[in-house]
Amino acid sequence: MNLLQDLTFSSFMWFLSGAVVLLAVVLGFVTYAIYFERKVIGWIQLRKGPNRVGPLGLFQTVADVLKLLLKEDTIPRNADRFLFILAPVIAFVPAFVVLATIPYTSLLQFADLNVGLLYYFALSSISTIGILLGGWASNNKYSLLGGMRSAAQMISYEVPLVMSVVGVVLLSGSLSLNTIVEGQAGGFWQWNILPQFVGFIIFIIAAVSELNRTPFDLPEAESELVAGYHVEYSGFRFAFFMLAEYVYVYAIAALTTVLFLGGWHSPLPFLDFIPAIVWFILKFLSIVFFLFWIRATLPRIRVDHLMSLGWKVLLPLALVNIFVTTIVIELIKYFK
Amino acid sequence: MSDQKQVTEMDPKESKKNIENIEEEVTEEPSPNQDRLDRIVELIKTNIAEDAIEVAFINELDRDLPCIVIRSPYWVKTAMLLKESELLKLNYLRNVSGIDFETHFEVVYYLLSMSTGNQLDVCIKVKADRENPSIPSITSVWNTANWNEREIYDLLGVQFPGHPNLKRIMMPDDWEGHPLRKDYEPIDPEV
Amino acid sequence: MIRTEELLLNVGPQHPSTHGVFRIIVKLDGEVITEATPVIGYLHRGTEKLAENLTYTQVIPYTDRMDYVSAMTNNYVLCHAVETLMDLEIPERAEFLRLIVMELQRIASHLVWWGTYLLDIGAMSPFLYAFREREMIVNMFNELCGARLTYFYMRVGGVKWDAPEGWIDKVRDFIPYMREKLDEYEQLVSGNEIFLARVKGVGTYDAQSAIDFGLSGANLRSTGVKFDLRKDQPYSIYDRFDFDVPVQTAGDCYARYLVRFEEIKQSLRILEQAVEQFPEDGQIMAKVPRVIRPPEGEVYTRIESPRGEIGCHIVSKKKPQPYRLKFRRPSFVNLQILPKLLVGETMTNLVTILGGIDIVLGEVDG
Amino acid sequence: MLENFKDFLLNGENLLFIFFSMLVIIGAVFLINLQKVVHMVIALATTFISLAGLYVLLEAEFLAFVQVLIYAGAMTILMIFGIMMTKHDRQNEEPKRPLHNGLLLLGSIGFFFIIYLAIQEAAFPIQEFTSVEENTELIGIDLFTWHVIPFELVSVLLTVAFIGAIIVAKREED
């Protein structure tokens, strides 16, 4: 489908309202993802987690966000004002925009782009510029180090991330996320996670790294770099960075569901009576839970190990995966 | 047998202590560490100089610890000897303290051998005069002395010529005076 | 060639991983440290100066505040020094109480280290697990002396408070509980690949330099030097108990980790025996004059604190106040090796190495 | 004429075209005129991303997103990275050279006229644009059938350059 087909006023308004609804959904998700994360980690660490603001602490994040918005907005005197202000925006906007091509069900999708997968990776790479600029513009050495780390990390892990999904693309013969999900219909044995298990593992590792979350949270490693690239940020600018981070959690969890876990399809055909969106949400949430779980379990990896893992393990593995997948596909074609 | 303990001249403080402990002394053998002290003294006298040792005694109060007071010009050489000599191998400097005795300063080094298996302490003292206190640095012999000497310099004002970086360590660089001296008067008594 | 800009970075005095007010100026080339200069003294309170105007009993609370993670051993070293000087006989029950609280304190101190070390490395859950166990010990101390951090429990000649009823049983119950938890810790952390990669071969030094820098405690024993004052120069009643001195030979952060971890187990062994042999009743204080005037002379006593050899050097002039009181603070001495270890390491390893040395800034600055 | 112009403006596609072209030009101008190197790179990134927008208008989505991925994502980050790591003292103001500037002005005007004339003279063949649904697939087929040898040669060249860079960096390290 053409991205710009019938770009009239009414379709534009439709897109706009859709975007507003999506933004609301995403903000709601982020609010409760943070709550959920704090609860999960609290349980793992034998604590209660937030339980004071509202019933069961449900309004904790709302209160936190309010606090952030009311906070004094400080800009360091020697910072590069223009870039300092611009950086959180550059980091956040792509995070939100990448959500456009995620198919939630066969009907619920904002834009079915025929290069949807590429679109996702291309735009998500722009966020790195925001982080890097934020680190540089703060004129703080810790944030500069954090920014440098994040740049090195993002570049290194973008490559295996893209390579790991080539196998999936080969299997479904399309870069369109919708087609990829359609190809996984008919039970869990059709899901890409089985034939592309190696790809899945590489994808998950690289994805956690792209998210800058534990054990790959080096750009903001609080015990080394204090807070990394956002040391100097406060108030709503800081909130923007946080928001971008959690929107990416949302995006990556959704993408993993779409690429490897069969999207909205039920695992067993007789369970089809349950609405498709429920399956999507279940799979999506289990990925989100997984991300929180490893955060509470694993220590942080070291920069040099991170680099060698990316270049020396994940990338060659991803290449081998592509190679093997291609051969198998050709063999199947040949014998058919 | 008490004069055997006194290898060189009698320390007035030490003699007083002996009088106090005289009852125990009568029944007890001479300190079991006496031999060891004698050997160390012998070693220093033959290898460094006859007058390197000011006094040597056993500190009964501290579990019969052998103590030797070294004259400061010979200190670095003696330190080398104590560390390198096959017999002693006092390679572990456990503590350095500086004391202001109002008449003079004293720096006390507690040494231990980690390699001979005979883990007996030796206490070395070096004195410095009150007016312009200076004791050669032994950082080149035991690295442990580095910060300890800086601390003593900082708090007591004893100079350690030969130290690689003799700067204040605890107090700010622009602090005046040396707080652990007995006659120390803070500039601002309120602080 | 493109020269990268050399970066002068002030780590601390306020930094999450310096565990207090400690500053280290590092020159960075990219992320590699080319020079490191520690700056200390931000927490210097002049304990030694203050002590010259206080009676011996009044000094004890000041020792609590030196190594505030292990206040019991600090209490002990001062009392032990005065007692040595006075040649005091300590009642059996007091000795046992002292030994039990010191070993509990060692476990508590190592737990704090274990938790914060993993926090430095980026794992946050172990911190909370360690503090849960430490909380039990702290509660026991609270019952014993009414304080949770700065105990002021020991006095010259014994201890201030007798164990309340059932206290010894609590310690007895704690031992198997702690053992079980240690197994959990081992499963969670000691075999974690990321953790091993972070600590193995990092901050390595050999026995030679460890001795040369006067390191003590786990920092020394991780290089293969089997030296533990509890065994080699026994004090209190340690010679009555059967325990091993854990030793590793690698001399890296992992070796230090293993040594401390094993020390917790050995402390539990000592506790187990001490609880069994604990005297039913008896005095907790020796006959000590109301005003303590140790005889004129000098003494240097040293004990094995969780961080290494803590020593107390007293020069007495037969006055109620010490003429000169000097503490050999193990953290202060151990920290000296840091600049040597840091050169050529990355920023990340700075945190690992600094954490591995296990310093308490209250003690470094005295 | 004006009617046409109004029609032109009412078309959303044309509006986007104007928007993106303006951004491309503004980015390029700022790239040359800004003072700080990091700001320049941001201007460059704007140009790259706007170009991608133009590609989307031309229905070349694949090209557009590859453009974003490679140029805006990887290249820009590498440039900022390099700039951050190296020293950049503000150089002294360049000496004013009136003759130099005059020549530059003359050259620019000459260049403008040549291009203008060339555009005026050129006859653009009007061709019906056929929208292709699967242009990504077509690019793939094209690359791996008709242009397979240049494609492979370029990849070999890039690999050689890559290895060369590593060797050069290694040697300087020693």
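Every residue, even glycine, has its Cβ placed from backbone N, Cα and C.
As annotated by TrEMBL, transmembrane segment applies to A:12-35 (among others).
Per TrEMBL, transmembrane segment is recorded for A:82-105 (among others). Outside the transmembrane segment (A:82-105), and at least 6 residues removed from its termini, the chain residues within Cβ reach (under 8 Å) are 19, 22-23, 26, 75-76, 111-113, 116, 119-120, 123-127, 129-131, 133-134, 136-138, 177-178, 181, 232-233, 237-238, 240-241, 243-244, 247-248, 250-251, 254-255, 258, 263-264, 275-277, 280.
TrEMBL lists A:117-138 (among others) with the feature transmembrane segment.
Within its own chain, the transmembrane segment (A:159-177) is flanked in space by residues 101-103, 109, 112-118, 120-121, 183-184, 192, 195-196, 198-200, 202-203, 205-207, 210, 255, 258-260, 310, 314-315, 317-319, 321-322, 325-326, 329, which lie at least six positions past its ends and keep a Cβ under 8 Å from the stretch. Sequence annotations record features per position, and here TrEMBL assigns transmembrane segment to A:159-177 (among others).
What TrEMBL lists as transmembrane segment is A:189-208 (among others).
According to TrEMBL, the transmembrane segment annotation covers A:238-261 (among others).
For the transmembrane segment (A:273-294), the residues of the chain that approach it from at least six positions outside its boundaries are 33, 36-37, 40-41, 44, 104-106, 108, 208, 211, 213-215, 249-250, 252-254, 256-257, 261-267, judged by C-beta separation under 8 angstroms. Sequence annotations record features per position, and here TrEMBL assigns transmembrane segment to A:273-294 (among others).
Under the heading transmembrane segment, TrEMBL lists A:314-335 (among others).
Within its own chain, the transmembrane segment (A:189-208) has Cβ neighbours under 8 Å at 157-158, 160-161, 163-168, 171-172, 180, 183, 215-216, 252, 255-256, 259-262, 265, 267, 291, 294, 309-310, 314, 317-318, 320-321, 325, counting only residues six or more beyond its boundaries. Comparing A:117-138, A:238-261, A:314-335 for CB pairs under 8 angstroms to the transmembrane segment (A:12-35), the maximum falls on A:238-261.
Distant neighbours of the transmembrane segment (A:117-138): 76, 79-80, 82-84, 86-95, 97-98, 100-101, 144-148, 150-151, 154-155, 158, 161-162, 165, 169, 175-177, 180, 210, 219, 228-233, 241, 244, 248, 251, 255, 259; these residues of the same chain sit at least 6 beyond its ends, with a Cβ under 8 Å from one of its Cβ atoms.
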